[in-house]
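Asks: Can you keep this structure in mind? I'll have questions shortly.
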Amino acid sequence: MPIKIPADLPAYDVLTREGVMVMDPDQAARQDIRPLRIGLLNLMPKKIQTENQFARLIGATPLQIELSLIRMSEHQTKNTAAEHMESFYRPFQDIKSEKFDGLIITGAPIEHLDFQDVTYWDELREVMDWTQTNVHSTFGVCWGGMAMINHFHGVRKHMLEAKAFGCFRHRNLAPASPYLRGFSDECVIPVSRWTEMRQSEIDAAEGLKTLLGSDQVGPCLVQDKAHRALYIFNHFEYDSETLKQEYDRDVAAGNQINVPLNYYPDDDPSRAPLNRWRSHAHLLYGNWLTEIYQDTPYDIDAIGR
């Protein structure tokens, strides 16, 4: 089954060219089945790029997916056209009475700020509490995952002396987890962050289980059964050239930045990077959607009851 998105959303053409099945709302209605309703709370400045990345992953399963784009109500983006935001996004305050089978909370380039100093922190806390009554399963990504694990468990983020930047090998710590079904013993994941969550603090929190971790860059994927959530601190959703774009941006700005490790062949930025994470990215998000499909009530209004 395809992903259901507006025909004029940029992701529609991108995914169609890539061979992902997409359909507009009129086509979806003719199938007469209940799609999984997935929300994307997009906190990234490059909204369209992020939409494409997540739509690609959640649209590649046999399930029909209805993707809803959500923004913070009071925060105004400066990097995406107002027309795009008005056409395709709904503010959280307008959708808070609705139910979702799944919600993705993206990262945001605000790691240097304490959580309480983020301008929309109060509303984001409201969102996270709202997931406990209105969302069947929530996936917090990078800063979004850090915010969730801090909000629900008090686990702190810590600044790194140098940016964790590159593609790092991670170990499969929970081969029996349904979220890691089909995973190899090790996988490579893009990492791009100035902060870390520490395994000792995750272990000290009640009800958390680390599923993927790295000796070099620490815990990556954490399951929180009590809050029906997954937290991932790295970037399976990244395109092949996302790390290159970040590196080139910082070089052009004169910022001190190391070449992303294990990304370019022989760590040579003059060569085209290799994508070594795509298959595991599809596995993880496909497994997440499968778990939602198996557990979510058919009557979406029954979520949270």
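Note that Cβ sites are derived from N, Cα and C of the backbone, with glycine treated the same way.
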Asks: Same substrate site as Lys163, Arg249 according to Swiss-Prot: which of Ser137, Ser192, Ser279?
Replies: Ser192
Asks: Using DSSP with the three-state reduction, classify Lys163 (substrate binding site) as helix, strand or coil.
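Replies: Strand, per DSSP.
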Asks: Can you list, in sequence order, the residues of the same chain other than Lys163, Ser192, Arg249 whose CB lies within 8 Å of the CB centroid of the substrate site?
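Replies: What remains near the Cβ centre is Phe165, Leu243, Glu246, Tyr247, Asp250, Ile257, Pro260.
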Asks: In whole Å, how far does the CA atom of Cys142 (active site, acyl-thioester intermediate) lie from that of Glu111 (site 'Important for acyl-CoA specificity')?
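Replies: Approximately 10 Å lies between the Cα of Cys142 (active site, acyl-thioester intermediate) and that of Glu111 (site 'Important for acyl-CoA specificity').
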Asks: Can you figure out which of Glu111, Lys163, Ser192, Arg249 (the recorded positions) comes closest in space to His235 (active site, proton acceptor), comparing Cα atoms?
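Replies: Comparing Cα positions, the candidate nearest His235 (active site, proton acceptor) turns out to be Ser192.
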Asks: Would you mind listing, in sequence order, the residues at least six apart from Glu237 (active site) in the same chain with a Cβ closer than 8 Å to its Cβ?
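Replies: Long-range Cβ contacts: Thr50, Gln53, Phe54, Arg56, Leu57, Val141, Ala281, Tyr285.
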